[in-house]
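Student: Here it is: the structure, laid out below.
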Amino acid sequence: MHSLEIKNCDFIDTAQYHVSALNVKGEVSSVATIVVKRFQEGKEAGPLDPKPHGFCAEHGVTFETTIIDKFEVAFGREGETLSLGCTVIVYPTVKKYQPEVVWYRNSVPLKPSKWVHTHWSGERATVTLVHLNKEDEGMYTLRVNTKSGFDTYSAYVFVRDADVEVEGVPVAPLDVRCHDANKDYVVVTWKQPAVEGSSSILGYYIDRCEVGTHHWAQCNDSPVKYARFPVTGLVEGRSYIFRVRALNKEGVSRPSRVSEAVVAMDPSDRALTLYISYMGVVPGEPCDVVVTEATKSYVVLAWKPPVQRGHEGVMYYIEKCISGTDIWQRVNTGMPVKSPRFALFDLAEGKSYSFRVRCCNSAGVGEASVSTGEITVGDKLELPSAPGNPVATRNTDTSVVVIWGASQVKHLVGYYIEYTVVGTDKWMPCNNKPVKQTRFVCHGLTTGTNCVFRVKAVNAAGYSQSSPDSDAVVVQAAISVPGKPTGVSLVEAVKDYMVLFWTAPASTGGADIRGYFVDYRTVKGDVVGKWHEMNHKALTTTSYKAENLKENVFYQFQVRAMNMAGVSKASLASAALECKEWTITVAGAPVGLHVLEVRDTSVVVLWEPPAFNGRTPVNGYYLDVKKASAGEEGWKAAHEKANKMKYMKVTGLKAGTSYVFRVRAQNLAGVGKPSAVLGPILAQTHPGTKEIYVDVDDDGVISMIFECSEMKEGSEFVWSKNYQTITDTSRLTIITEQGKSRAIFNSPSLEDLGIFSCVVTNTDGISSSYTLTEEGESLQQELTKMWFSPVIPFKSEMAMDLLEKGRVRFWTQVEKCTSACQVEYIFNDKYTMNFDKSTGIIEMFMDSLEITDEGTFTFNLVDGKAKGTTSLVLIGDGKADFTSMLMLCPHFVEYLDFTVTPECNVLLKCKVIKVTVNILSVAITAFLSESGFSVYLILSVNSPMSIDLYAPHFSIRDAKIAASERVKSGVTGEQLWLKINEPTEKDKGKYTMDIFDGKDGVKRVFDLTGKDRARVVGGLPDVVAIQEGKSLNLTGNVWGEPVPEVSWTKNDRELVSDERYKLKFEHGKFASITIAAVTTTDSGKYALLVKNKYGTEAGEFTVSVYNPEEEENKEEKKG
């Protein structure tokens, strides 16, 4: 089903509308005429309809109300607390006058309660919903009443179910209410929940609790299917609250929110109605006995009391008679009822009964009333019929409008709407409180998903069958007319024509702008003429040459945009412009300013050249930027020298701040007037933004990839180079699949270097760029070589393992390779090899190493266009030959064997080389790590075996050191290390390291008693290159005990802390130097000197201060 919805009808919507359906077999059409009439004056407005503001005679002003900072569609969960609020501005301000602020839910005023708290601060109105329940779901409206009228704002609040305790049970019922309260019973009603669980609801349990107690008693032994139940057995005069639980095969739901308290008392007693009494008179017979409710579970009777009652009032006996008999049975034999209504239970379903009532008092029992006639026990209220076919239409990026046909049912409670994502079988509720209208906006959907909707009706008898499924609809913003163009300005003027320019609307309405229409009118003093169309055919550009104008006459212009949904409202009229030939020499204002690639700290601004160049061509542009909140004095140049490009990336922005931009053109005569201001633009990265990335596949094919998850109908990927749309397909092949676009280099070369960008049309400016250019020829060559000559990445470089019997294993591992990958082994032929392409492990085994094997071992890999090489060098050290070095490695010289001794004993024996362990050095270092100031003890070990095999450990003061978060030890290669984070006085002492192989051991001791020579342990660079005018700040990390003395030198001369050089030494660890606004005279050789009684050390570095303009002049002279 297709539909056309016209919101906020106007007179211009009066027309004949024509719709056609066309396929290969023919065409069918239909015509409808719509006439929009003036709104009927004098008709009373609804409670929330906006009214025009009028003059307030009491205060002598007309109040104007503006609502800002509005709350949006909100989502909460049962049990949570949710606050909604708006800021209200009432102008003008009148002392001691405050507007009236009222909150509504579904057009019903909210009253403060323990669930609802409202607050008005004088500026901001808030409502807080405490402990959310599904009853709180609905349309919330803020209404601000003044003595000139009122304004309103509305948004929907959705309340999701709390998580169930048992999987598959129903969620809680809602909206429990009490009706027809009297001395003997109360009728409790509720609404069925939206989610029945994994199986249908079998019935409901009703619980009651006397106010002032915490004891809940179940009112019904077996579950009732009807969502309405009379609760009996109440004590007259006492107050009760009720709750309801739902039951299915999996179990019982959580209880609903409790009802309002109700008193078990007749309304007549509460109203203190007085009756004329007759002493000693038997009461008359009741009249008008009727059945008000009849279900298969119970029947409710009601009647009118007799006029003749007696002095103490009357009570009643109810009698029943089974159809086909003449026997009347008294139902309430034990106790007469006091109320003129009664609920009968334990009746046989399907049988027919007649009922009558007798009155009684102390004088006796009166005559029976007239019988009700035969009543068949069974549900009078039928289940609702299935709603009509739902139609789902796009609304916003996260919502869909669903419309359906009404269900044919009595006493409708409302509708529940469900949805499922195409490809899944899980249906989820859109609303948790039934709605009565046949149109609903389903919010909270995921952008881009393909959804199907269905509707079911509900009344007290239960749920209807679900409606047929709607057609699938993609969740994305509906197409609407575009916004208004802005910034209509004059860019060139001659005596009989003017060239106009404007900025495209910020909102395209979800579809491409198809064109523009320009209107004009004459202006003479304060008198303006009528608007006339200038062009009858839509313009495709944002500029227009308005011809056939009269010289020296003033004109105003306005522009309207058009897309497939219609024509926008007109832009603001331009200033009065005189048709007079320009004689200025400088260039006109640039036009067409727009932005791409909006991020937290940067944005790319683009523009078009001015239509009027002046007397000489434009040779550059200047881009200005300022914060949107700043005044005119806040404008700053984004760059110093003229930019010859028509785009520029502005960096250094502050995330979350709005900025505005403008551009000025320059020619030989000077700099022209600035363009129209662009913005405000919020510096904020759009959630889910992705960047272009470069991919090299297994065949060496290079491509750039851009992905977008917010594609809309008609959205396209548009690739550009240096921000000019790519039209030459000889260099790139573009492939687009769903939300991904790939730009493949056909024949990569240096011609492809540049800035590549991609924009997704019909989105909120989703774009990205990738730069394939770098400053400097060597960097270009390196980048080109890296991409155009791909390399196979290695996970592990070549290594060697010594195995039994002197065998040797050379191995490496690559990160990724294809089945076509080949390996070339470059050494002698005494080997066997293995290449497991699934794991990337390459192995080569040799039976033994000999002196002739000394040299370099290499693996060469080729995988398509990609190549890789890894090598291992085995060379003697000059002190021992290669064979002797290998003999130091642990292996068996003689394998395990046995002999029988003359004493008949069996002797097992083998022979291994002697393994020795050498401690080469002990070093202590101190530096700032990410976790804080740390001390390292590092010991270098020379061993042919893994150090872990010797069970190394550290101890302090003869006590073994246990590992903790602060103190850690370990083995890295041939080094044992002990790390102490944030050392304290308790960590001072003698540290011992033990290595033991089961027979021999090695021990080393190091004294950390605080006698450490002064050292510079990090933080200072070797060279600092800094631009003139910038500030320099360097910090060196210092170590030593006692704490060293610190000084700074420049060109071997000691520096003194003053206004130019700020020298600091903090916490005995950090020495810093700060030079504000460096100049070229600050260039030189600097040093940080540290000294204590155990030694001196210097941390040296070089500072080079440069001037960018001087550097460019030098390059130009060289050129």
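Yeah, the Cβs are placed from backbone N, Cα and C, and that goes for glycine too.
Marked as domain 'Ig-like' by TrEMBL: 78-158, 680-773, 1026-1104. According to TrEMBL, the domain 'Fibronectin type-III' annotation covers 172-266, 285-380, 386-480, 481-582, 589-688.
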Student: Mean pLDDT for the domain 'Ig-like' (680-773), as a whole number?
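Tutor: Taking every residue of the domain 'Ig-like' (680-773) together, the mean pLDDT is 82.
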Student: For the domain 'Ig-like' (78-158), which stretch among 172-266, 285-380, 481-582 has the most Cβ pairs under 8 A?
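Tutor: Looking only at 172-266, 285-380, 481-582, the most contacts with the domain 'Ig-like' (78-158) come from 172-266.
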Student: According to DSSP, how is the domain 'Fibronectin type-III' (172-266) divided among helix, strand and coil residues?
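Tutor: Breakdown, helix to coil: 0 helix, 44 strand, 51 coil.
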Student: Would you mind splitting the domain 'Fibronectin type-III' (285-380) into helix, strand and coil residue counts from DSSP?
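Tutor: Helix, strand, coil within the domain 'Fibronectin type-III' (285-380): 0 helix, 47 strand, 49 coil.
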Student: Which residue counts does DSSP give the domain 'Ig-like' (680-773) for helix, strand and coil?
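Tutor: So the counts come to 3 helix, 43 strand, 48 coil.
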Student: Provide the three-state DSSP residue tally for the domain 'Fibronectin type-III' (386-480): helix first, then strand, then coil.
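Tutor: In the domain 'Fibronectin type-III' (386-480), the DSSP-based counts are 0 helix, 42 strand, 53 coil.
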